[in-house]
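Quick look at what TrEMBL annotates:
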type	residues	note
ACT_SITE	His118	active site, pros-phosphohistidine intermediate
BINDING	Lys12, Phe60, Arg88, Thr94, Arg105, Asn115	ATP binding site
DOMAIN	4-141	domain 'Nucleoside diphosphate kinase-like'
Amino acid sequence: MANTERTFIMIKPDGVHRCIVGEIIKRFEQKGFKLVALKMMQASQELLETHYGDLSSKPFFPGLVKYMASGPVVCMVWEGLNAVKTGRVMLGETNPADSKPGTIRGDFCVQVGRNICHGSDAVESAQKEIALWFKPEELVAWSPNQAPWVYE
Ligand code: IDP
Ligand code: MG
């Protein structure tokens, strides 16, 4: 059952402008996670305010929403064992200055306000975020041929 844990990963507008969409997708693919949904879109201010609702009292909130609405985002659902926790490890710390080399934020960005990717922080928030960003029919049911080589 845990092999079907899902996380919501989003490449932010800076990641799209800086042409690292393929690099980020590659890392999740080569790790062994299963791509369940993928779309590029221009997020509305309303959607972003809901997505980041928990941060609405923070001083950086208006700037965060403006940044996230400033260009396209690439939204994905990745599935696999510990997908939420491992996804966060692959992203690195919120502040790229604290992110180790080898993580996405550690390798590709320098400032917290331009940290190029989002990843759900818990299974429960992943479920909420997936439901917020995707319609049920956008989540694709399929069985990767590699599954028996990723899981014992
Ligand atoms: P997370 O993205 O690692 O989960 P959160 O604390 O949930 O980090 O913050 C959401 C996003 O808000 C961050 O990824 C970053 O883009 C932005 N953010 C967080 N702290 C700051 C800050 O101090 N200044 C500017 N932007 C920030
Ligand atoms: Mg967060």
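Glycine is treated like the rest: Cβ placed from N, Cα and C.
Candidate binding-site residues: Lys12, Phe60, Thr94, Asn115. Those with a Cβ under 6 Å from ligand 1, in sequence order, are Phe60, Thr94, Asn115. For Phe60 (ATP binding site), the count of additional Cβ atoms within 10 Å of its Cβ stands at 12 [all protein chains shown].
Sequence-distant neighbours of Lys12 (ATP binding site) (same chain, six or more apart, CB under 8 Å from its CB) are Tyr67, Met68, Val73, Arg114, Asn115, Ile116, Cys117, His118, listed in sequence order. The recorded positions examined here are Arg105, His118; by Cβ neighbour count within 10 Å, the least packed of them is His118.
Summary: among the binding-site residues (Thr94, Asn115), the fewest other C-beta atoms within 10 A of the C-beta are counted at Thr94. As a whole number, the greatest separation of Cα atoms within the ATP-binding residue list Lys12, Phe60, Arg88, Thr94, Arg105, Asn115 is 21 Å. Arg105 (ATP binding site) carries a helical DSSP state (H, G or I).
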